[in-house]
């Protein structure tokens, strides 16, 4: 019987399997950042251990890094805990080593799930882990990638392996052509709206279909990034020529004979025609409209043409209660049109949407509208995902488009995605955000987050409220 892409990568990396199904899985690439690594390095130090395979480690600082004040160097990190975590990472990498380290203030520094692919650290067929739940991003390359906890970070450092049980296979097929103005972000929000945040629990998702194949690698990364919001630890896309073209020539990519051998192997990284999936979900891309989350979970999402739901129309008591709680927190009334929702702040960035295509997408809308950020918007910020993305955007003049319209053009980092740094919402503020989570307090205590695409966020910044971006493309 044929195997799925997930089956193939899993089988290639299993070292041993116990009778209860627990397997020892070999890990090829370990991405490290400043938040979940200090305890792991300290554990190694206390046990007198070294990192088992230094060449597997690629590290950067991202969660705590400020997006302003870089001219002050480390003195620009005003929060003492943030500063300690960043300097501790510097010291730990100096002591234990890494294949590549992109520290704070360096040219290649950025969000770990942006710098991994752009440096060639993420390759097809790899097992990739990181102490961060959005490690699923790297599945866009036909890699088995997922987040791990801090104790597991230490375990991988010490043994280059991980204890895991194999998940079931879920195929999500998106066929057809997206309407103009709709993007990868709209696809994945629509998927989560359909399957819910628990729909992928216990599964590894393979995203497939003509709409997925039509996406660029950056679009595929956006989709895989939010596999975790759909309940799955990992999401994958089969390798094709786009994958190979993206990887070729990257800093850590193989070269010469090794490249030729790798490409030959990568060509096998797709599900066999007779592979069996445990579950299949299908979506029609032509029916996907620009998406906006209205509540406090990514599954609370509707199209821009819809209205805030009425809990009284929900028969299920648990769901009705969840809607009522979300409406209270979000300060919304049932029946309000989503395109009438005014915003206080706009955030374009995060590991979901901070790559060069996202910057171009947002800048194109701003340029097309030819207007300034609306007066009711207190702050509209654009945060590139890495130093290289920032550099490329500036070469293309995208920063000038944003700044001329009243946006703030920031330094790279996780920024307002999670309010672990200086960028955050104040209580009651409403934000159009290109990030991946809209939980209560995610962007700041009492902050209200609406997840959208970069184009939708840019249009909201200029109009002061959500609008249907299809009007402008």
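Numbers run from 1 along the shown chain.
Heads up, the Cβ atoms here are built off N, Cα and C, so glycines get one too.
The feature [4Fe-4S] cluster binding site is assigned by Swiss-Prot to 351, 414, 417.
Compute the center of the Cβ atoms of 351, 414, 417, which mark the site for [4Fe-4S] cluster; besides them, the chain residues with Cβ within 8 Å of that center are 62, 63, 111, 113, 134, 349, 350, 352, 354, 413, 415, 418, 435, 436. Between the binding-site residues 351, 414, 417, 414 has the most other Cβ atoms inside 10 Å of its own Cβ, all protein chains included. For the recorded site, residue 417 ([4Fe-4S] cluster binding site), the DSSP three-state label reads helix.
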